[in-house]
Amino acid sequence: MAAKGNEEETQLLEMEEEAATGVEREMESDEEEGMGVEDSDEDEDDSSDDEKENEAEIQRLEEQLSINAFDYNCHVDLIKLLRQEGELLRLRRARQKMSELFPLTEEIWLDWLKDEIRMTEEEPNREKVNELFEKAVKDYICPEIWLEYAQYSIGGMGAPGGIERVRAIFERALTAVGLHMTKGTAVWEAYREFENAIMGTMQPPPGSIPSHEQQEHLNAQLERLHALFRRQLAIPLMDMEATYGEYEEWSDRGVPETVSNLYKKALQQMEKCKPFEEALLVAEPPKLSEYQAYIDFEQQEGDPARIQIIFERALAENCLVPDMWAKYTKYLDRQLKVRDLVLSSHDRAVRNCPWTMGLWKNYLLALERHGAEHQTVSEIFEKALNAGFIQATDYVDIWQAYLDYLRRRVDFSKESSRELEELRAAFTRALDYMKQDVEERFSESGDPSCTIMQIWARIEALHCKNMQKARELWDSIMMKGNAKYANMWLEYYNLERSYGDVLHCRKALHRAVQCTADYPEHVCEVLLTFERVEAMSIAVTCKLFWIRASAECSNVNEMGCIYGAVVFGALSATLMGPHLPAGSLEDWDTAVQKTETRLSRVNEQRAKVAEKEALLARQEEEKAEQRRKAKAEKKAQKKTQKKAGEKRKAEEEEDEEDEWGDESEQPPKKLRGEGWPPPRKMDAPGAKKGRLLAAEARRTQDATLDKRNDSLSVFVSNLAFSMEDPEKRLRELFQGCGPIQQVRPIFATKGTFRGYCYVQFQEQSSVAEALKLDRQEVDSRPMFVSPCVDKNKNPDFKVFKYSTSLEKHKIFISGLPYSCTKEQLEKLCKEHGTVKDIRLVTNRSGKPKGLAYVEFEDETQASHAVMKMDGTVLQDHTLTVAISNPPRRNVADKPDSSRALGGMMPRQLYGARGKGRTQLSLLPRALHRQTGPDSKAENGTLQNQSGGSVGGAPAAAGGSGFEAQNKPLSNADFAKLLLKK
């Protein structure tokens, strides 16, 4: 009553304050009248516009939820907007709908509870808030919600039994979160403060002596406080030293020795757990690895209560991680086996991760294991079908789990029962569901091997003795494209062998021989073995019956002979075919003929395929050989041209030296057209310096060529041509990988850097470290680092470090804005799981392509990210998200090197990529003259079969002819060729 009176007083005070503030507002409005009318109108217009926008957004979200009720983010956004607008009734409905589908987070529950407490301040409505608290504490283990629950219950302690109700709630809170290492202390302290307050109300007035009954109540309350201290000090909690000091100060009888011993043990346990708590404190969400290490530690310690609390803590922060739920429910199923705890945990698991089939399957098994009603199991199964799995095979697995449950309910000793009919109806519905719903959604059945139909057929044959139904089911299986697989036919044959008869076994094997496409020889071998065994078994059986008849007819009278004949005839009649008994010589001949015909046809087909593959392999080898020869020829030509260039350079230097000699020794000047080549253009001012630098670099490379070791080197490419001092820069980039032996940058003839180089280390381990720098950004370009491989020895060697096959744990995102960074993408993706790696795809210059690959910890997180992120909008760009399945990198064959100039000139004359569509030939026409199909070009001279040269004088006999063939053309020779018209 006192509490109620206090509440009424506070309500009156609030009403008076509201009235006072209302009067003040009226006075202020009167003073501002005429001055702020325009401002108020503008504010009202702005607020009305915001309200309209919010209302339109609320309607959009409600429509979206009517289409897809499982959109978690849409629920959260709707609740935020409704709370912002103050739409309390709509807000309550939105929260209720979300709580029916998903467990709510701690923040959503606390906001909901506070709103409901403000809306239901009257006493009769406290039960509704209590019911809401009961729902809240079941979703997650949250100390804050338990503290709020206990504090709210204290407000109703004036009712009959109110104190005991508060104590019961505190005890439940201690059971749920009292072991929480960091937040459990707050619950213990709140409980002790409550009991201290109760004790304060029991104290007698000063100067008075308590009665015997009052003293007993005081002693009992005092013992409660001692018990709370003892219980708390026996549990390892953070800052438990302060609690021990508080107990020493509070207790008038000191700390008992038993309490001190328990406190020391708890303190030791707390020191063991402290590193894990500190790791969780400094780690960033989702802290999966830290929690997993903590769980492993607690499981080794073996305390079930502590294992449960650390699992609950991990799930509170990682509620959308199916693997964590699977581990927790597996532990509860195998270790604790408490029905209510196990089933509630399974229910929370599927509500948090409804897209994970394994959690639903385990839920069904747990329900059956703990004796749940059939209606409950069926309802959970229907929810699983509507959960929206991401793979067609998931529906096959969940149907199998439910059908196994229905099969275990059937008593097959009875010919017919309601459970058996329900099982058959479920099989029929499963097949229809896979054909209609699953195929329409995924464009595949999910059950290509017809596993559900195989199980049904085996049940009909084994338990129901209905081989006719089993054969009908197997006919349907074969008609769905499975008749070409040997294992399917052998499965059917084993079923007939076990529960059917010889006639259907033989028919099945004969059909298998005709239809099998993958392993026909295996089926043929089984057929021949069947005929051997079947013929032998019939002969042995007949002989045994004849011996039995002879023994029983020892007098060899007419009745005995009749008996023996009847027995033998009955046996033969049971195995009769249309004309001959089963297992006869005719059956053996037929089987051999069919198998031989089939195997010969198969061998012919395989021989053709092998011949075709061998031809393709030879063609590939020839192409590879041609590529190797072309590269070798190109290399030889480069060496020859280099020698010729050095020779011409030496001649020019001699000419320059002659210019400084006697003028009488110089030849007379000739006019243009008399055999001299046209004058050379003057070099640019810096060209000569560039050539000198290039020559110096080549001399350095030649000097270090003997020290080259490809196994200790890496090839670095895609560098900027404008890089200054590449050797120094690359030494700085790779110095962290290990000691560097040499850096070989490649320069052009004019001395400019060509954008690639070789880095050779002193140790093999440094190469692996250097390869990790691949794709590192250098001068706003991705630097490519690859192994150093001699392309002459390995012409087909290609380096591509990323997988080209299906990666279920990685997603591919397209449509990204070019300004998107790694950090922005990681922030977007980490809401759906643990992001292990992100790769933004760029071109060779480092500019983004709007594509990215994101790797998650497991395929479940990746699938969840695809569902949630596909179609989302980022910076006005709609994203397309799918599981990573890049196409294979098929390296196209390079064109043959002998095709240039119609087989006459080497390909190098047209450049590395051949002759372009708009490229003009600048060679003299004389060089295009063909002298024969076998002519070759060497050093610019076309040779015919007789050893003569085209465009020049005929080769002289003997040695002079050989020299004419191999002597390179000079400038004067080219000038003569140009003037021959």
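Backbone N, Cα and C define each Cβ position, glycine as well.
TrEMBL lists 8-19 (among others) with the feature compositional bias 'Acidic residues'.
Feature annotation from TrEMBL assigns compositional bias 'Acidic residues' to 27-54 (among others).
Note: the compositional bias 'Basic and acidic residues' (618-627) comprises 10 helix, 0 strand, 0 coil (DSSP; helix = H, G, I, strand = E, B). If you look up TrEMBL, you'll see 618-627 marked as compositional bias 'Basic and acidic residues'.
Secondary structure of the compositional bias 'Basic residues' (628-642), assigned with DSSP and counted as helix (H, G, I), strand (E, B) and coil, comes to 15 helix, 0 strand, 0 coil. What TrEMBL lists as compositional bias 'Basic residues' is 628-642.
Per TrEMBL, the feature compositional bias 'Acidic residues' maps to 652-665 (among others).
According to TrEMBL, the domain 'RRM' annotation covers 712-790 (among others). Each residue in the domain 'RRM' (712-790) has a pLDDT score, and their mean in this model is 86.
Look at TrEMBL and you will find 809-886 (among others) tagged as domain 'RRM'.
Per TrEMBL, region 'Disordered' is recorded for 1-57 (among others).
Here TrEMBL flags 618-691 (among others) as region 'Disordered'.
As annotated by TrEMBL, region 'Disordered' applies to 930-967 (among others).
Under DSSP, residues within the domain 'RRM' (809-886) fall into helix, strand and coil as 22 helix, 32 strand, 24 coil. Helix first, then strand, then coil: DSSP counts for the domain 'RRM' (712-790) stand at 20 helix, 32 strand, 27 coil.
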